[in-house]
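Lifted from Swiss-Prot, the feature list:
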type    : residues                                                      : note
BINDING : Gly10, Pro11, Ala12, Ser13, Ser14, Gly15, Lys16, Ser17, Thr18 : ATP binding site
Amino acid sequence: MKDIRIAIDGPASSGKSTVAKIIAKNLGYTYLDTGAMYRSATYLALQNGLTEENVPEILDQLSQNPISFGKAADGSPKVYVGDVDITHPIRDNQVTNNVSWVAAIPEVRQELVSQQQRIAQEGGIIMDGRDIGTVVLPDAELKIFMIASVDERAERRYKENIEKGIPADLETLKKEIAERDYKDSHREVSPLRPAEDAITFDTTGVSIDGVVEFIQEKAKKIIDKG
């Protein structure tokens, strides 16, 4: 048996993070939330009043406040910039609606990708994001590209927000997700697209358990081959 690298890509609210966390726990792998890293960079930019015109300053903030991951007492993941816990603030709508322009800055992506690649060198890791299989881990042993309808993804985000006590409007979420899809798939740097050797999986109408089972079966076949 060997520890492999699993890359899960897909558009906003396609269920990537939820599935990746469960699989990481089941396989005893490390879960690296790349989306949280870009959200953290966005959070730092917004907190300091920075825009796409302030790239050097954003890079300075990332250097002064390194992003790290930890675990809460119940095992749930925590995200920090410096020593500040920003696990919940980075999920706010303001961060969500600004992350695309931050993630499109080449220098920011380059810095975060190099950090992700270093962490993944040993294997036994699962990452989810927009360009894991195409840019971050092009040689990952398993690549999955998850998709789902805009309506279903908006419903998922709506339920998540309500459960977390975040105000939400379903029609607004549908519009925001459709706009995010367009931005992510049309940006010049690392546009959202499946890797040539990725398995595309439409999760519309499929339960979380069903998605987890599908991906784990693929992973175990590769692991067992050694």
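Even glycines carry a Cβ here, placed using N, Cα and C.
Owing to the predicted nature of the structure, the values given are computational and were not obtained by experimental measurement.
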* Which one of the binding-site residues (Ser14, Thr18) has its C-beta surrounded by the most other C-beta atoms within 10 angstroms? -> Ser14
* Asked: Can you check what DSSP calls Thr18 (ATP binding site), collapsed to helix, strand or coil?
  -> helix
* Compute the centroid of the Cβ atoms of Gly10, Pro11, Ala12, Ser13, Ser14, Gly15, Lys16, Ser17, Thr18, then list the same-chain residues not in that set whose Cβ lies within 8 Å of it, in sequence order, for the ATP site. => Asp128, Met146, Ala148, Arg153, Arg156
* Asked: Within the chain of Ala12 (ATP binding site), which residues six or more apart in sequence place their C-beta under 8 angstroms from its C-beta?
  -> Arg153, Arg157, Ile177, Arg180, Asp181, Asp184
